[in-house]
Amino acid sequence: MVDYEKSPSVVSSSIEKDVRVKDVQEEDSPYNRGGLLDPVKEETLHRGLSARQISMIALGGAVGTGLIIGSGTALVRGGPLGVLLGYTFVGMVCYMVMVSLGEMAAYLPHKKGFAGYATRFVDPAFGFALGWNYLMKYLIVTPNNINAAGVVIQYWTRHVHIAVWMVIFIAFIFFINLLGVRVFGELEFWFSSIKVITLVGLLIMGIVIDLGGNPKHDRIGFRYWNPPDGPMGHYLKDQVHGESLSIFLGFWSTLVNALFAYIGTELIGVTVGEAQAPRKNIPIAIRRTFFRILVFYIGGVFVIGLVVPSTDQTLFTANKAKAGAAASPFVVATTLVGIKVLNHIINAAILLFVLSAANSDLYIGSRTLYALAVEGNAPKIFTKVNRMGVPYPALILCTAFCGLVFLNVSSSSAKVFTWFVNLVSTFGAITWICICYSHIRFMKALRAQGISRDTLPYKAPFQPFGSWFALISTCIITIFKGFDTFIPFTKDTFVTSYIGLPAFLMFWVGYKLTYRTRLIPAEKVDLITGKREIDEEEERFNRQEELKGPRTKWQKFFDSL
């Protein structure tokens, strides 16, 4: 354990002050459980993710089936204007979460993930609850994406039992993760590169179709923004017996759908533990998040609203279909104007999307469990790593949970997918809330200890209002996101929509009652421990990079992506 009062340190080159932690907890205090230092080099994760890999992984986490498939459901319920407004609003919330995380991660890029920041800046009980909440998210979202991959592949053939595809996909992502972070990072880089090319192609295709470049030579323009297709949609109109209320519920439904679509962008906060030169690369990845949200998400739903009428029965059927590409509004757009063959290409892209997502989800889940163990909040066996820096006991356990995907053998894949989506969106929303609150406490600690945010490696914009805006907005959406489970009341969707909230409170309150922890006063928050070691590690890496000489044009191109 670290004796803070006997071990004052210097806050590195960026903050040229001696900062001493005052009146910190005693040696046997629960605030010191697990320590604040990263494990020694031989027992820890390897910093093997390069700048281009970090950047692309950040992009991969922000783009997935929530956009390529889920946006169709949002269009039906919210209409073209409703889905655009919903995705724009939640995109603003997502960006505020990301810059808040980026400020903490650039200052202290440790290997303990979000839970480490919550433990250090808020309360160990808060960190414990957040860590297990985030782990539960990835224990669910990984089999969810494998389930989606099985559904997608059934678009081509149903002669092979879906359980066979499940086994193949689980073995594939386990093997990739077992090879180490360098192989994982390189593979995810190319996966994400293909995602970018595909999405750019789909956006261009949608614009061309809208302007009349289609087999029917039909210039659509904003036709589908007029009644009866738009601009707003109606949701549960027959149940609520009111047009205005049904329009509002349709818009609110797009917020819920967008929340699920954006969740995953925060995974960059887990990769910092294995990032090369994190002080330099993490802020770059965070800043680029804004443009990715603007182009791919907001631009994507805008294009979909132009080329697909929200009242089209094919789209409505597509959202309930069991075959992958048929559920994508982009495929519906090609079908409406008579374009053939493209549905198979988009289906292949969706398969790549979900397999890439499952691969990165297994990676994040194993690292989250590792981080919990390092902090002393999970069995010590999960701190073990192999010679390539892979936390293999954690990886094996997370892979075992992929067995949940076999629920689709007894229940329909669509039903299982709905359960998983409800669970994941709740766990993810709680994570965003905790990140924002941890950042608020971090800023308060800096102010209380006389450290200017201007001296930080990365200063988040729009603060502290940005974090408060994201926290309050996410809380409201989370509380009311399961409103349609009451119209009429449905037990399974209600439970999966809200079970994450009492689970988080159970972890938080249980830890506080057991260890009697309290909110850490701002002036006693430890802003020092472990920081010098990270600074020295980054300086060594930068010196090694300088010895390699100037970078090639191709290397500079990939770094700029």
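Backbone N, Cα and C atoms are what each Cβ position is placed from, and that goes for glycine too.
According to TrEMBL, the feature transmembrane segment maps to 54-75 (among others).
Residues or ranges marked as domain 'Amino acid permease/ SLC12A' by TrEMBL: 54-518.
Per TrEMBL, the feature transmembrane segment maps to 81-101 (among others).
Residues 46, 48, 142, 146-147, 149-151, 153-154, 187, 355, 358-359, 362-363, 366, 388-390, 392, 395, 399, 402, 405-406, 408-409, 413 of the same chain lie 6 or more positions beyond the ends of the transmembrane segment (160-180) yet place their CB under 8 Å from a CB of it. Per TrEMBL, transmembrane segment is recorded for 160-180 (among others).
The transmembrane segment feature in TrEMBL is assigned to 187-209 (among others).
Residues annotated as transmembrane segment in TrEMBL: 245-268 (among others). Long-range neighbours of the transmembrane segment (245-268) within the same chain, counting only residues 6 or more positions beyond its ends whose Cβ lies under 8 Å from a Cβ of the stretch, are 54, 57-58, 61-62, 64, 66-67, 70-71, 73-74, 77-79, 82-83, 85-87, 89-91, 93-94, 97-98, 101-102, 105, 114, 141, 232-237, 282, 285-286, 289, 293, 297, 357, 360, 364, 421, 424-425, 428-429, 431-432, 435, 474, 477-478, 480-481, 483-484.
The transmembrane segment annotation in TrEMBL covers 289-310 (among others). Same-chain neighbours of the transmembrane segment (289-310): 58-59, 62-63, 67, 71-72, 74-76, 78-81, 83-84, 87-88, 91, 94-95, 98, 199, 202-203, 206-207, 209-210, 220-222, 224-225, 229-230, 233, 258, 261-262, 265, 329-330, 332-333, 336-337, counting only residues six or more beyond its ends whose CB sits under 8 Å from a CB of the stretch.
Beyond the transmembrane segment (330-355), the same-chain residues lying 6 or more positions past its ends with a Cβ under 8 Å from any Cβ of the stretch are 63-65, 68-69, 72, 145-146, 148-149, 152-153, 155-156, 169, 172-173, 191, 194-195, 198, 202, 205-206, 209, 214-216, 218, 304, 307-308, 312, 314-315, 318, 324. For 330-355 (among others), the entry in TrEMBL reads transmembrane segment.
As annotated by TrEMBL, transmembrane segment applies to 390-410 (among others).
Here TrEMBL flags 416-440 (among others) as transmembrane segment. Tertiary neighbourhood of the transmembrane segment (416-440): same-chain residues 93-94, 96-97, 100-101, 103-104, 114, 117-118, 121-122, 126, 129-130, 133-134, 136-137, 140-141, 143-144, 147-148, 151, 256, 259-260, 263-264, 266, 269, 405, 407-408, 460, 463-464, 467-468, 470-471, 474-475, 477-478, 481-482, 492-493, 496-501, 504, selected by CB-CB distance under 8 Å and a gap of 6+ residues from either end.
Summarising the annotation, TrEMBL assigns transmembrane segment to 461-483 (among others).
Remote same-chain residues near the transmembrane segment (495-514) are listed as 123-126, 128-130, 132-133, 136, 418-420, 422-423, 426-427, 430, 478, 481-482, 485 (criterion: CB distance under 8 Å, separation of at least six residues from the stretch ends). Residues or ranges marked as transmembrane segment by TrEMBL: 495-514 (among others).
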(request) Take the transmembrane segment (81-101) and find every residue of the same chain, 6 or more past its ends, with a Cβ under 8 Å from one of its Cβ atoms. (result) 71, 74-75, 114, 225, 230-233, 247, 250-251, 253-255, 257-259, 261-262, 265-266, 268-269, 286, 289-290, 293-294, 297-298, 301-302, 304-305, 432, 435-436, 439, 460-463, 466-467, 469-470, 473-474, 477
(request) Determine which residues of the chain contact the transmembrane segment (461-483) at the Cβ level, with the cut-off under 8 Å and only residues 6 or more beyond its ends counted. (result) 89-90, 92-94, 96-97, 99-100, 103, 249, 252, 255-256, 259, 422, 425-426, 429-430, 432-433, 436-437, 439-440, 443, 453, 493-494, 497-498, 501
(message) Over the span of the domain 'Amino acid permease/ SLC12A' (54-518), how high is the average pLDDT in this prediction?
(response) 83
